[in-house]
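Database features, via TrEMBL:
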type	residues	note
BINDING	Ala47, Val48, Pro49, Gly50, Ser51, Gly52, Lys53, Thr54	ATP binding site
DOMAIN	26-327	domain 'UvrD-like helicase ATP-binding'
Amino acid sequence: MPAETNITDKDIKYAESILLDADESFEDDKNERIDFIRNLETIDLHAVPGSGKTTALLAKLLILERKLPFEDGSGIMVISHTNNAIDEIKNEIGEYCPKLFSYPNFIGTIQSFVNQYLAKPFFNQVTKEKISKINDDFYNERVENYYNNVLRDNFWLNKRANTLGFLQNIRFNENNMLISGINSKTDDFALKNTSGKTYRKLSKMKNILLNQGILCYDDAYYLANKYLKKYPEIKNLLQKRFSYVFVDEMQDMDIHQHNILEKIFYNNGNSKSIYQRIGDRNQAIYSGGTNFKLEEIWKSRENTLKITGSYRFSKNIATVLQNFALNSADIKSIKSENTKLKPHLLIYNDYNSQCEVIQRFIRLINKFKTENKIPEDYKYPIKAVSWITKEKEGNKITLPDYCPKFNKNRSTSKTEYNSLESYLINSKNNFKEINNDLLNMLLKILRIEKVVNSDNDRYYTKSSLFWYLKKNNKEQYEKLKLKLYDWSTKIIKGNNSEVSEDIKDYLDGFLGVFGIEKNKSIEFINKDPKKIIIEDETDFDCHLCKINNKKIELGSVHSVKGETHTATLYLESFYQKDGSGENAKSYESQRLNKQFKNEKITDSDNKRTKKSARIAYVGFSRPTHLLAFAVHKDRYDKYLSDINEDVWEVIEV
Ligand SMILES: Nc1ncnc2c1ncn2[C@@H]1O[C@H](COP(=O)(O)OP(=O)(O)OP(=O)(O)O)[C@@H](O)[C@H]1O
């Protein structure tokens with residue numbers, strides 16, 4: 001534990017100067033944010049969406065950075081659930097925190113912590129070898145090979161509806177008994193005879209893969225727990241190493257992730273580390289809270305701070321949002337300028353053409369702009385989201401049904417080509433997308449060369465690549481940015497062959513940063529390009545959905561978690577089917593009809609209703625100005641026609 005650390009008013013002002021606009025402050029009548037920023041004890045922070053909890057955590061980190069290094073040599077750990085969330089933290093405060101982002105501190109995902117500090121050292125100690133890979137895709141591929149080569153003729157396995165899925169899902173519990181999925185029980189395993197031939201064969205498969213160092217993500221937790229059991233002192237070492245541990249988005253931790261953190265850093269209240277868990281139970285939309293009740297995973301601590309006011313949404317949205325909160329939440333809007341716009345219900349019909357709902361939403365926004373209800377130069381994006389984004393057959397409405405271009409747009413931005421020059425000749429006619437394609441091409445070369453990010457054992461993404469270069473090779477970082485600019489400008493002018501030659505020269509230095517030379521990627525680099533013919537060019541640049549010349553962004557609710565929007569259009573979508581016939585329920589308007597009509601969700605509501613409520617809660621809590629929800633006329637007539645029109649503005653598309 002470092003010597004007494006005090007957070008002063010001056011420290012808070014410093015954090016405000018970096019994170020907030022000149023007219024904003026962490027102070028308010030309750031000073032909930034200041035209390036959290038100053039607090040350096042083991043506590044939980046529960047806060048409503050848009051309350052600034054991530055901003056408050058960043059403030060605390062900025063302040064602690066200035067107190068580093070700690071005299072006792074200990075460091076700070078910041079853990080979140082996804083790489084995106086970690087990248088966000090790095091992007092926001094990275095440039096002010098050179099010490100925080102290096103030894104002895106750790107900022108990463110829960111998975112990378114478990115891999116790096118527990119699974120890998122244990123594996124190395126037992127086998128004297130390094131783990132080959134911790135990656136689900138790679139692991140599943142090896143299981144498939146094993147099945148094809150060794151278990152192909154097994155009668156019991158072949159009788160199963162999804163043999164491969166069953167095999168890929170097998171895990172060891174801590175007693176090396178087989179289970180189906182990490183948090184399941186031995187009793188639920190399909191094969192009951194544990195001394196039978198097939199059971200032994202499956203155990204053997206698991207052991208062989210483990211011994212070869214081929215692990216799925218869950219296996220890292222299995223090894224981690226073995227390590228902690230065999231060497232309980234590891235716990236103390238980690239507590240000494242990290243005097244402050246902050247977990248953001250705590251609600252998204254699954255039970256095995258929660259348990260391992262709790263075991264090490266809470267240690268039944270005896271930990272040397274200060275352990276702070278930050279989140280919003282109502283926003284649990286990842287694994288946490290699905291198999292287990294969230295309250296069973298993230299149990300409340302006696303020492304809990306709260307932030308109840310949101311800087312994001314208006315009173316009108318807060319009123320609606322309350323009903324979708326599974327854990328009763330006191331949600332208030334504390335925005336200084338409060339928009340009077342009511343949430344809107346957009347009713348569409350079968351005869352509306354595909355993009356009419358989104359276009360109606362755009363017309364609404366334009367109208368509100370002219371009426372000064374939405375600022376002309378609005379700050380945050382305008383987005384249309386739905387829970388389910390994959391196209392479904394039949395009459396099941398999902399995101400692509402609202403926008404015929406949705407899938408096409410998405411697939412083009414992710415298109416993979418099989419040669420370097422194909423990336424150049426197929427590039428779009430706009431700077432940003434060309435830049436994107438060029439980066440995708442470099443990432444593809446790294447993948448072909450099997451270069452992985454040692455922080456998380458995954459292939460580099462655009463942001464992790466930039467982060468790595470910025471941290472390890474500033475010269476290459478600056479060079480890449482300049483090159484991307486230069487290449488993109490030249491491609492727009494049609495100088496592809498000049499760019500192609502320059503990229504080939506550049507690659508030696510680029511790959512050198514990762515300690516490798518061109519090898520497996522030579523074929524990709526030199527192969528002749530192939531032009532992909534696009535049948536209808538207009539497909540890729542739909543002009544219909546633009547406001548201020550910017551396209552409305554479409555995506556899943558999951559993809560906008562943590563974001564702030566100016567306006568959000570939530571499009572209902574088909575998810576599973578509960579019940580049958582006339583009363584079957586698949587859409588939010590059906591499962592959550594009572595919540596739309598001012599009734600709070602309760603613990604006795606069924607699992608799918610609760611899951612729908614969580615998704616709606618996250619989606620509905622994004623906008624600063626306008627929330628709209630699109631519902632089909634049939635479902636409106638049956639479920640929502642008696643909605644309170646003082647609360648919701650109802651309009652037909
Ligand atoms: N003290 C503050 N004063 C004014 N605005 C603030 C303050 N703190 C945060 N904000 C703004 O409020 C919005 C939400 O902040 P932030 O993303 O930190 O909230 P959050 O609680 O983490 O949200 P979510 O629960 O959706 O992840 C942002 O636009 C941020 O700039």
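Using N, Cα and C of the backbone, Cβ positions are placed for all residues, glycine too.
Nobody curates TrEMBL annotations by hand; they come from automatic prediction.
On a predicted model such as this, the values are computed, not experimentally measured, just so you know.
Candidate binding-site residues: Val48, Pro49, Gly52, Thr54. Those with a Cβ under 6 Å from ligand 1, in sequence order, are Pro49, Gly52, Thr54. Within the group of binding-site residues (Pro49, Gly50, Gly52), the Cβ with the highest number of other Cβ atoms inside 10 Å belongs to Gly50. Under DSSP, Ala47 (ATP binding site) is assigned to a strand (E or B) in the three-state scheme. Those same-chain residues not listed among Ala47, Val48, Pro49, Gly50, Ser51, Gly52, Lys53, Thr54 yet with C-beta within 8 angstroms of the centroid of the ATP site C-beta atoms are Asp280, Ile307, Ser310, Tyr311, Arg312.
Each of the binding-site residues Ser51, Thr54 was scored by other CB atoms within 10 A of its CB, and the lowest score goes to Thr54. Just so you know, the Cβ of Lys53 (ATP binding site) picks up 23 other Cβ atoms within 10 Å once every protein chain is counted. Look at Gly52 (ATP binding site): DSSP puts it in coil. Confidence annotation: the domain 'UvrD-like helicase ATP-binding' (26-327) carries a mean pLDDT of 92 in the model. The Cβ neighbour count for Ala47 (ATP binding site), using a 10 Å radius and every protein chain shown, is 25.
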